[in-house]
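Undergrad: Just dropping this structure here.
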Amino acid sequence: MNTTKRILAIQSSVCHGYVGNRAATFPLQLLGWDVDAIPTVELSNHAGYPIVKGRTLSAEQILDLYKGVSAANPSGYECLLTGYARGIGSVKAIMEIVRSVKSKNKKAFWVFDPVLGDNGRLYVEESIIPLYREMLPFADLITPNGFEAEILSGMRINSIDTAFKCVECLQQKYKVPRVVISSFVVEENGVEKLYCIGSSIYSKSFFVLIPVIPGIFRGTGDLFTALMAAHIAESPDCTESLASIKEDKLKKSVEMALSSVHEVIQKTADRISALGVEEYHPAYAELCIVNSQNSIIAPSKLFEAVYYY
């Protein structure tokens, strides 16, 4: 009997590079998960390249693919990971799939990355925002970046204190049991600092101060969310309700995921330096995921989260 944990990942797909499901699938497999991946868009590469080819899948196509993988996997899924989707129809299709997965396995753990944009710029239609807010109460964990957390909560983040107020708003207003703001920058005493914070209704809130590695690296949020899903939904025999994990698993999962992502970024930055190229090309900054297998499985140095109160 196959006891390997199975996850359904629904987000963007690229032929070249490491964003969306391309950034998520291999790391999840390394950490012991069987991955069924459904694309919301199929692109040649990410949008940071000068030329991007591909297509957006319709809601009908997404649902059709789900019907196929669902029939092929009658035992269902222990975990569900959702990320970038383009258009209202695609978002509604994802919510329909979430309901279906959870109806077949009430213990299924949903990790929802509400991809809206970053650095003050939306990547999606504004009409998606209210739909995401409607979806929040059904998620077991959400992993917005700072910009996305601001949009969903309607609050401004300009300090670590306001970031935690933003998290509190999301938990109280939308009843989300676990919130991790994957990254946000605030100025402290004239110095910009990068933070990740997390909060669970089952344990204390915490934060991690992240050393900044200069550069433009795409797919880091997708990798982080995949690693969060792998670690927090980990269960030895999959009989325990994953949606009722009450110990400090969130804090430990963030420490592991952040440490792995940071090492992957550092390896990528080192590769760029070793190339010695004068003219930047986005291909040079594709995440070194394949060469970072040890960092994904067991990062050499763990970040230590600090309790907020």
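Glycine is no exception: its Cβ is also placed from the backbone N, Cα and C atoms.
Residues or ranges marked as substrate binding site by Swiss-Prot on the basis of similarity to another entry: Ser12, Tyr123, Asp222. As annotated by Swiss-Prot, ATP binding site applies to 182-183, 209-221, with the evidence given as similarity to another entry.
Please go over these features one by one and say how buried each is and what sits next to it.
TA: Taken residue by residue with DSSP, Tyr123 (substrate binding site) is part of neither helix nor strand, so it is coil. Counting every protein chain shown, 13 other Cβ atoms lie within 10 Å of the Cβ of Tyr123 (substrate binding site).
Around Gly215 (ATP binding site), taking its Cβ as the centre, 13 other Cβ atoms fall within 10 Å, counting all chains.
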Undergrad: Determine the most Cβ-crowded residue among the binding-site residues Pro211, Gly219, Gly221, using a 10 Å radius around each Cβ and all protein chains in the structure.
TA: Gly219
Undergrad: Give me the sequence-ordered set of same-chain residues, not including Ser12, Tyr123, Asp222, with a C-beta within 8 angstroms of the centroid of the substrate site's C-beta atoms.
TA: Gln11, Val19, Gly20, His46, Gly83, Tyr84, Val115, Gly219, Gly221
Undergrad: Taking the Cβ of Ser182 (ATP binding site) as the centre, count every other Cβ atom within 10 Å, in any protein chain shown.
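TA: Other Cβ atoms found within 10 Å: 26.
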Undergrad: Roughly how many angstrom lie between the C-alpha atoms of Gly215 (ATP binding site) and Tyr123 (substrate binding site)?
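TA: Rounded to a whole number, the Cα-Cα distance is 20 Å.
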